[in-house]
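Contents: one structure, followed by commentary.
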Amino acid sequence: MAYFFDFPTDTWVEDASPGGPPKRAFGHGLAAGSSHFASPVSRRRLPTITALLLFSLLSASQSGALSVSQCSRRVSLGPLLSRVSSVSCTPSAAASALASSLYPTDSLSSVEGSVAPRPPPSSLAFVLRRVPPAAYSSSLSPSVLRFKHSLPRPLQGSLVCAPGILGGAAGSARFAGCCGSQGRSCGSGKNPELPLKGSKDEVIPRVGTSTAGPRPDWFHVPAPQAASRGAEESRYQQLQKQIRGLDLHTVCEEAKCPNIGECWNGGTATLILLGDTCTRGCRFCAIKTSSKPPPPDPLEPEKVADAVAKWDIDYVVMTSVDRDDMPDGGAGHFARTVQLVKKAKPSMLIECLVSDFQGMEESVRTLAQSGLDVYAHNIETVRRLTPYVRDKRAKYDQSLRVLHLAKQFNPSLFTKSSIMLGLGETSEEVVRTLRDLRDHDVDVVTLGQYLRPTKQQLGVVEYVTPETFKKYQDIAEEMGFKYVASGPLVRSSYKAGEYYMKHLIDDARKHGRRETVKQVKLEADVGTLKGTTTTFQVNEKEA
């Protein structure tokens, strides 16, 4: 295969694998030390180890080409390069180094290309500076900045830029923007912003780099409450103990949510179904990932129903990791859990915060008609930032379509989505995203501040003020959303029970009805996973 990397120089390696003619795949958009490849033939991820190897080879020389003496030295960048301990300057050794770090199981028999004559073996330029075919040139956007800022901060300071690495006028311009005209370490000082499409105001978030400064005072939250005097355990402690005993997972704990004490003591919990390992790698999320996670617990629906029936809560949010490895994305597992919870506690209000199920209509239908009360799917960010923030399989328009399908399959459902702010979006983009959600019949929207869970996730670009959140809330309400929750500490499931019930009560008041919900009815066939949606009945206001 011919791989095109978004590195400081156009790079491609031809893999003449046995069993077929050479194939080509290309990719761009380096993030978190890995490049995403996209083509009809191949969709693969470049490991961090290879990114560091290639960049260290380029950084070893001011000219971007390695001499024999430079090639013979050992490459030592810590455990990330443990699989490639030395590099030789001969073509065969270079091919072996690339192959072993890229895909150890692949057969990389040649790195010779058909575009230019083979350079002399005294340089590795034939690997690192190969010019791709003209047909693919427009797909490449080399950038020292984008690569450097995708690395952990300690490694950024050890990478040295040189004008010769990029070559040409465009390369010199990028070099000057990163390191200055004389050349210096990129690790010193503040990292420059990355403007997109010529706009100085449009920036993208970067892994390991936060430009927002210290957290403002409005992010201070109270610690979880202990038991009150005379009581054995607080509501928070009771939930925590029961969750541990049933071997269940909550997003409140996994994501280190700052609102856990307020939500749990307020009677709202968010459970994670389908395990704790995700098949996707969104750059804002700290949940562990794997292409082949363990199978879900077949008894999990029963465990959840048993737990919820015992808890002193009136609203439960059930979310999950993405399970692209399952034929239905886990929709059937979700639906059965909803049915069993409703059977065990009919008064329970259930919100399901789910993935896009890869856009599979039947999966959306299965869950939408399972008996849940709120169908939630988060669009997460604005259209421009989606490729930088979410996994490559998560598409902006696909998320909108899934929310619209859920409403079509069950018009009585409340649909809900959430937007994270502080990732470099503009106010116009936020308003456009709100409009897109409303145009697809989304009923409820929440807006909250993005907070980086660990240093391995995207940095915070800015802390949005409470006044700005209030402005977005007013705009969203004018658009016709049935309920809007907007604030720095608001999360998709933050105090969801209170928000949801408040919306119902306010809606009843507007229509001249009683201030309380009188009855919740459920008719569902648990065995077939089919049933009518929960309907709320309220009495007319007495004359």
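Each residue, glycine too, has its Cβ placed from N, Cα and C.
Among the features that Swiss-Prot reports, [4Fe-4S] cluster 1 binding site is placed at CYS252, CYS257, CYS263, SER493, with the record citing sequence analysis.
The feature [4Fe-4S] cluster 2 binding site is assigned by Swiss-Prot to CYS278, CYS282, CYS285, with sequence analysis given as support. Its own atom aside, the Cβ of CYS285 ([4Fe-4S] cluster 2 binding site) has 21 Cβ atoms within 10 angstroms in the protein chains shown.
If you look up Swiss-Prot, you'll see 264-482 marked as domain 'Radical SAM core'.
If you look up Swiss-Prot, you'll see 1-63 marked as signal peptide, on the strength of sequence analysis.
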Can you give me the average pLDDT across the domain 'Radical SAM core' (264-482), rounded to a whole number?
90
Check the DSSP secondary structure of CYS285 ([4Fe-4S] cluster 2 binding site), expressed as helix, strand or coil.
coil
Under 8 Å by Cβ from CYS282 ([4Fe-4S] cluster 2 binding site), same chain, sequence gap 6 or more
GLU380, VAL389, ARG390, ASP391, ALA394
Other than CYS278, CYS282, CYS285, the chain contributes near [4Fe-4S] cluster 2 (Cβ within 8 Å of their centroid) the residues ARG280, GLY281, PHE284, ALA286, ILE287, THR289, VAL321, ASP322, ASP391
